[in-house]
Amino acid sequence: MKHFLASFCLLGAFLHVCTQHTIPASEFQLEGDYLIGGLFDIHDDTGSVYHERPEALDCATKPFTFSNYRRFQMIRFSVEQVNNSTNLLPNVSLGYDIFDHCSDTQNFPGVLKLISANGSIQPWSDKQSVLSKVIAVVGPFTSTQSLTVAPLFMTNLVPMVNYATSTSVFSNKAKYPSFMRTLPSNSNMIDVIVRILQKFNWRWVAFLNSDDDYGNDGLDLFAQRIKDTEICLPYSKGLSDRTDYSQTFKQIEAQQINVIIVFALENNVEPLIESAVLLNVTNKVWIAGDAWALNKKLPKMKGIKNIGTVLGVAEPVVTIPGFSDFLHSSKAQLHCKYAEQDTFCNQKCNCSCMNPEDIFAADPSYSFAIYSAIYAIAHALHNTLRCGADKCDSNITVYPYIVLAELRKSNFTLVNNSIQFDDNGNLKQGSYSIVFWNNSGDAQEIGFYQFNSQVHFFVDDSKIEWHTNGKVPTSLCSPECPAGYKKKRNGIYECCFDCEICANGTYANITESPYACLKCKDIEWSEEGSTSCNLRAVEYISATDIVAMLVFAAACAFVCMTLAMSVLFSVNYNTPVVRSAGGPMCFLILGCLSLSNLSVFFHFGKPTVPLCTLRYLPFLLFYTICLACFVVRSFQIVCIFKIAAKIPKLHSWWVKYNGQWLVIVVAFVIQAIFLVVGYSCKPPSPYNETSWYPDKIILSCDISLQASTASVILLSSICTLCFIFSYMGKNLPKNYNEAKAITFCLLLLILTWIIFATECMLYRGKYIQLLSALAVLSSLYSFLFWYFLPKCYIILFQSHKNTQQYFQGLIQNYTKTISQ
């Protein structure tokens, strides 16, 4: 701290020596009741020069910048216009003290003079006894210059109203509490550039920035801004006086980048563009930042058309009334008489003899920002002094921090533009012009970008004369995938990808998920390479369908036939044919076959839980009774003809305890238990078959394997026993061989369900319901036709065979045969 204070004492002594000279009036100074400090880099000292000993910087010996000299004249004009105003600061005059701030780090004498009072700085004093007349400072131009000098003004909250520094760091009010600016920040500029890229679908770009605080801030903001976009940044480069432009352009060309964003100051851009022309860099789109979009020299350079199309983002050119007249009158008054006068450090221009037309024709960028800055300060001072229509309160002591407080409240209109600041010292609303360098060498306005509570962006691309013969140039790492394709990243950048077609049942949606094929819903379908899904056709056989009606007719015919056979058997109940067919058991079999037939009626119509439950339940339950009946019939036949003679005790026990009815009841009870338990645990339910046909939904029933396994196994076991017993009786008498009939019926039954199972594996369309119903009918008709119908035929047409004598003769002949 002691060293810091000592340094300030030495600097104060230096200022005191400098101010001992009498400084004549010049363009850099104007006396007034209150002063505005100005830091303008009329000359430019960007070269890296190493000194062996301390040297004072003489800006007048450095290269002259026409556009900055125009800005310098703008602050002089603005102050003069305020002083001539009848509404603003009546009876109060504004003056200025301006310095040629040509260096980022070596222009401290001018800065220290602005914060001094009577040539001295007293940092240890709580309150200076003599106040400085400087109430605010306008400038400097570059971000690095502002970062260098800002801390000196922030200490005493001296307002820094900047017209060109757009670096986002100055929005941090904790570090820069008295910094304000009358131009948009870099974040707005980057937003415009990104919107231009998105409008023309440029996704593969290079970013060249000046290697300083302004350019690096732009690069950082750009990288953040494109994170959630499809824009990729494969190449970026900081520009300085040591840049190898040839190597830079070779790397850009090697990566096939066609769009180059140049976010840099004029002193970096001019050698870049000159090198591009010299190195024959062609067919590129150049996007210029506001620092050089309105450059007057480059658009008229020889060979500039060969580099491609130049678009730019610039502050709108606002016509400021009276400025041209001021330049002519100011130069006429000076008559070059101050060109060689000795002044304070860096308050000499050697440029007073310039033509006013040349000054006015220079790059107008930031002119309105300077104009706004002066008027913002003037309005703040007007409010601080509580000025009325005729006078201001001269008894009020004006401190810079009071002016700062009023600056923050600014709310006025200037040349149809509203001037207001937000909490970060930035403009609440503003705009950019989007320009195109036409063939005439002018920056032609082709669009705009406005921001306040909302953002408005517009580009009239019909005004752009593209270097690609009217077509919008492209800049892509990979061409866009055709419709129905997904992207597959190829490399580290999202912009580089291969295209893969989306398979059946999926679709591509580049807005929702460009890197994946989205699966269609179960009720939808799509072909290969689709961009959307179509609703599947829902199919099932309704109860009114012609095939359903035919099956219903067959089922009804079956019921009628069983009823007719039951009547016929009841009429001929005591005949040998009926008794040999089972006697009373025939009626049970026919009745269960009819009840099994109920399942057929639930195979058609839109599946529901009750319909799916009844689709197989009656068949499984009552068909089990039928098969149990045939099991005992087969057993009885074999027992009578074979086992009775060999195992008489088994036969007697069977007859004594009515073994046939006991077997039937046990089979029925077990099957009923299996079905109740299985269907209760997981009842059948409607099921949408979506895997078989890509464009259809087949409505069917989902019958759980676990729920029906036990009942199916029981039915299969009974069928197997029936087949074994019936097969044992294959050599019985020809006219009394019921076992053969049962065996044939069982073979038809087994064959039917093998065919149906095979069809289920090969086909799952809507007609699987029809095949299931036909399998059930086939199972029922096989016993009706091949077991009961032959007996009906004997009763009706061969009555001579339906006698007791005929049957006894067959039995006696067979008994003699097996005894031999």
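Positions of Cβ are set from backbone N, Cα and C atoms, glycine also.
Unlike curated entries, TrEMBL annotations are predicted automatically.
Residues annotated as domain 'G-protein coupled receptors family 3 profile' in TrEMBL: 547-805.
As annotated by TrEMBL, signal peptide applies to 1-20.
What TrEMBL records for 546-573 (among others) is transmembrane segment.
As annotated by TrEMBL, transmembrane segment applies to 585-604 (among others). Beyond its flanks by at least six residues, the transmembrane segment (585-604) meets 541-543, 545, 548, 551-552, 554-555, 558-559, 562-563, 565-566, 569-570, 578, 611-612, 614-619, 622-623, 625-626, 629-630, 632-633, 660, 664, 769-770, 772-773, 776-777, 779-780, 783-784, 788 of its own chain at Cβ-Cβ distances under 8 Å.
Annotation comment: TrEMBL describes 616-641 (among others) as transmembrane segment.
Beyond the ends of the transmembrane segment (661-680), by six or more residues, the same chain brings 588, 613, 617, 620-621, 624-625, 627-629, 631-632, 704, 706-711, 714-715, 718 to within a C-beta distance below 8 angstroms of the stretch. Here TrEMBL flags 661-680 (among others) as transmembrane segment.
What TrEMBL lists as transmembrane segment is 703-727 (among others).
Marked as transmembrane segment by TrEMBL: 739-756 (among others). Here the transmembrane segment (739-756) has Cβ contacts under 8 Å with residues 630, 633-634, 637-638, 719, 722-723, 725-730, 732, 771-772, 775, 778-779, 782-783, 786-787, 790 of the same chain, all six or more residues outside its ends.
Sequence-distant contacts of the transmembrane segment (768-789) (same chain, six or more residues past either end, CB-CB distance under 8 Å): 540-541, 547-548, 551, 554-555, 558, 561-562, 565, 581, 586, 589-590, 593, 596-597, 599-600, 603-604, 615, 619, 623, 626, 630, 698, 700, 738, 741-742, 744-745, 748-749, 752-753, 755-756, 759-760. Residues or ranges marked as transmembrane segment by TrEMBL: 768-789 (among others).
Long-range contacts of the transmembrane segment (703-727) within the same chain: residues 612, 615-616, 620, 623-624, 627-628, 630-631, 634-635, 637-638, 667, 670-671, 674-675, 677-679, 681-684, 739-740, 742-743, 746, 749-750, each at least 6 residues beyond the stretch ends and with a Cβ under 8 Å from a Cβ of the stretch. Taken together, the residues of the domain 'G-protein coupled receptors family 3 profile' (547-805) have an average pLDDT of 86.
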